[in-house]
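Structure first, commentary second.
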Amino acid sequence: MNSSKSPGLAGFGVLKNTTCHTEKKISVFFSIIFMTVGILSNSLAIVILMKAYQRFRQKSKASFLLLASGLVVTDLFGHLINGAIAVFVYASDKDWIRFNQSNILCSVFGICMVFFGLCPLFLGSVMAVERCIGVTKPIFHSTKMTSRHVKMMLTMVCLFAVLIALLPILRFRAYQIQASRTWCFYKTEHIEDWEDRFYLLLFSCLGFLALAISFLCNAVTGITLLRVKFKSQQRQGRSHHFEMIIQLLAIMCVSCICWSPFLVTMARIGIDEGGSKETCETILFALRMATWNQILDPWVYILLRKAVLKNLYKITSGCCGVHVINLHMWELSSIKNSLKVAAISESPVSSKQINLQPLSSLGQ
């Protein structure tokens, strides 16, 4: 009896000798605040992105808005599902043995933690790749990156994240209740075989790979846009590219800052063969940092828009007593002309009219 493990109680091994003590009031406060702020901010971002998608029917921006909407929707459901389970655990005094005898809730919690952790990182890298193709290969992007293809990419990313999350269940490895008894994840204590290390290292490597792809693609996109801007005097049709690359850079910075502690912690636990030296408080801090990524992501789309940035610039200049000299001229010449030319360049009828203008002028 002592050598065998019941599948239903497989996740309770960490509850026997836990030394992690957390303040219940503070932990409940963190969970409720994170869930509420995350749901409200992601809902607001979804409304803004849907209105932008209906307003701008440009192919170059429609695919980006679809991917951004998928990212925000994933963050919303992540806060809703994980936050609801966490609040339920706290409300039940973290008595897992009473409400989780078959270990189903812990398995669901662990699957959701892995899926809603990796999926936003994957979507951020896909968005960076999409923008890199749109800037460096515009013809290929306009012909191949249709809404149908973007939806297929979203589906493939979600299915891949689901596969990674279900991998321990398919291998008959239960998700483990962590030392704080507030969440479930891969086994992080008393690791005995290579498979438990493999899951931790796989999660960390995939997260770092997504961040690296985002950094590389955003760097290529930014350098390409700057080269075009400095080489050519025509800035027409490029304003929406700069807006999207600023948003992508912000998403990448937020993801790196928020997810690096958790990814590094999981990688160190997986590599350390002499036993994990990470304390429960360190792991909880890294987890809360990662949770902030899903809260800050939607504010990138709420705040980093041209209309908001222009108003903030005016307010800041007015408060500092600085007279805005070139802002009005920049608004008229850069924004309006770039949007007009972008709309003309993507309209087949207008492009034919532009090509016929030299012939008409010769006739005159």
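Cβ coordinates come from backbone N, Cα and C, glycine included.
Among the features that TrEMBL reports, transmembrane segment is placed at 26-50 (among others).
Marked as domain 'G-protein coupled receptors family 1 profile' by TrEMBL: 41-301.
Taken from TrEMBL, the feature transmembrane segment covers 62-90 (among others). Beyond the transmembrane segment (62-90), the same-chain residues lying 6 or more positions past its ends with a Cβ under 8 Å from any Cβ of the stretch are 24, 27-28, 31-32, 34-35, 38-39, 42-43, 45-46, 49-50, 52-53, 56, 96, 105, 108-109, 112-113, 116, 119-120, 123-124, 126-127, 130-131, 134, 141, 145-147, 149-151, 153-154, 158, 181-183, 244, 247, 251, 294-295, 297-298, 301.
Panel annotation: around the transmembrane segment (102-129), residues 7-12, 64, 67-68, 70-71, 74-75, 77-78, 81-82, 85, 96, 153-154, 157-158, 160-162, 164-166, 168-169, 174-177, 183-186, 203, 206-207, 209-211, 213-214, 216-218, 221, 248, 251-252, 255, 259, 290, 293-294, 297 of the same chain, lying at least six beyond its termini, place a Cβ under 8 Å from a Cβ of the stretch. Marked as transmembrane segment by TrEMBL: 102-129 (among others).
Taken from TrEMBL, the feature transmembrane segment applies to 150-170 (among others).
Within the same chain, residues 114, 117-118, 121-122, 124-125, 127-129, 131-132, 135-136, 164, 167-168, 173, 186-188, 238, 241-242, 245, 248-249, 251-252, 255-256, 259-260, 263-264, 266-267, 269-271 sit at least 6 positions outside the transmembrane segment (198-226) and bring their C-beta atoms closer than 8 Å to a C-beta of that stretch. The transmembrane segment annotation in TrEMBL covers 198-226 (among others).
According to TrEMBL, the feature transmembrane segment maps to 246-271 (among others).
Cβ atoms under 8 Å from those of the transmembrane segment (26-50) belong to residues 65, 68-69, 72-73, 75-76, 78-80, 83-84, 86-87, 90, 180, 182, 288, 291-292, 294-295, 297-299, 301-302, 305 of the same chain, restricted to positions at least 6 beyond its ends. Beyond the ends of the transmembrane segment (246-271), by six or more residues, the same chain brings 68, 71, 120-121, 124, 127-128, 131, 186, 188, 191, 197-201, 203-205, 207-208, 211, 214-215, 218, 221-222, 277-278, 282-283, 285-287, 289-293, 296-297, 300-301, 304 to within a C-beta distance below 8 angstroms of the stretch. The predicted model assigns the domain 'G-protein coupled receptors family 1 profile' (41-301) a mean pLDDT of 86.
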